[in-house]
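In what follows, a single structure is set out as structure tokens and then discussed.
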Amino acid sequence: MRLYYKSYQNKCIKLFFWILLLFYPMLSQRVIGSFYCDEIGESFYMRLDHSNLCYDGAWLFYLPINITLIIFWVLGVPMLFWAILFHKRSRGVDDMLLLIQDPSQEQLRESLVLKMRLDITDRGQVLDEDKLETFEEDLLAQYLRDRNLNEPSTVAQVGFIYHSYNTAFWWFEVWDLGRKLLLNCVVSLLAKAGANRICCGLVVLLVYLSVMLFYKPYRERSDSALAGVTHIQLFITLFCGLILKMGSLYLQESVVWLVTYTAIITSLGTLSYAVFSILNEKVTGVKIARRRSREAHRRAIAAQVRKLWRQACGYALAEIYLRNPDAGPMSLLVMVELARRSRCQREKEKLGAQVELAAAVHPTVVADEPDSILFTSQIAVEEGDSAAPDMIGTNEDSGHNDSM
């Protein structure tokens, strides 16, 4: 029951954060949009609803609510994401580092250092012994924090927030939320905004794109390519909007159509590339899963074949040893085979005792159906004893055919 409860709890927490991510941009735009006002005549009206006056009446009544929403929703949601990820990433790290400072925990420290080295090797990084010795404490702390993010419970609850990014950029989703917030607020109601707001949007996109291309936070190259193409398309769209905004009175109609179709075509091209990228990733994932399944199946078959050959070889060597015990020292395979035979013999004796006891308690049943009292262990023992000579015979026949 506790396992089901934890699974249900993880799903609820994951759904909660999904809802926050889904509604954050839209609600943030509505909250901050209530502060955008247009001057019409001698009064100011809300840009979202021109039937409501700004700085008067209902606007002043809802002002404390809007300020509260800005603090707890607009700023609070990104800080909540960052605080939860930071807490789960840092949980128990300081205590573990303090524990391994104790000389009695030297074995634990060596184990963690070995796991850290294996983790560095698995990520394709080169082991620098001088760096490891100098910054061993910091590298251990980094390894423990990354290990916390890979815990099943953490992955089940909030793993979707950071699983697309490298471990060093666990915070990048919070940065992306900031980018969405700035774009939705700066470029909101673009048709009635001035060119300065479009320029601010271009600056936001340029800074974000530069950071993304410089640090390369995504795990997969396809995610990096899709994010780069998307932001380049947004930049082109805003730039086309800036051209139309500043030159609407001076541009020829053909130039206006050219700029407009450029924005439309780039948007459609980006959408097509996004669909293709997602479908290609799904197909590639299925192919990789099938290939891994086939490789695992082949490894299982090879392991089973090796096991059977080892058993057959042990059986043959045991037969040779029993025929001539003075021929040489007993090998490990012979010892294993003799132990198996001894165990089978004890099981047979135990089974015989059970049959005798059953005959003493119910003599008529045992006398009428003596062959019906067969247990699973007896069948397995008899099949094992009968299968081994057949395997030896098969091996001898194959060896004879190879010699031919």
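In case you wondered, yes, glycine gets a Cβ from its N, Cα and C as well.
Under the heading transmembrane segment, TrEMBL lists 57-86 (among others). Remote same-chain residues near the transmembrane segment (57-86) are listed as 17, 20, 24, 27-28, 31-32, 34-35, 46, 149, 158, 161-162, 170-171, 173-174, 177-178, 181 (criterion: CB distance under 8 Å, separation of at least six residues from the stretch ends).
The domain 'TRP C-terminal' annotation in TrEMBL covers 152-245. Over the domain 'TRP C-terminal' (152-245) the predicted model carries a mean pLDDT of 84.
The transmembrane segment annotation in TrEMBL covers 198-218 (among others). Beyond its flanks by at least six residues, the transmembrane segment (198-218) meets 164-166, 168-169, 172, 175, 179, 182-183, 186-187, 190, 224, 227-228, 231-232, 234-235, 238-239, 241-242, 245 of its own chain at Cβ-Cβ distances under 8 Å.
TrEMBL lists 224-244 (among others) with the feature transmembrane segment.
Same-chain neighbours of the transmembrane segment (256-279): 222, 225-226, 229-230, 233, 236-237, 240-241, 243-244, 248, counting only residues six or more beyond its ends whose CB sits under 8 Å from a CB of the stretch. Under the heading transmembrane segment, TrEMBL lists 256-279 (among others).
If you look up TrEMBL, you'll see 385-404 marked as region 'Disordered'.
Residue counts for the domain 'TRP C-terminal' (152-245) under DSSP, helix first, then strand, then coil, are 78 helix, 2 strand, 14 coil.
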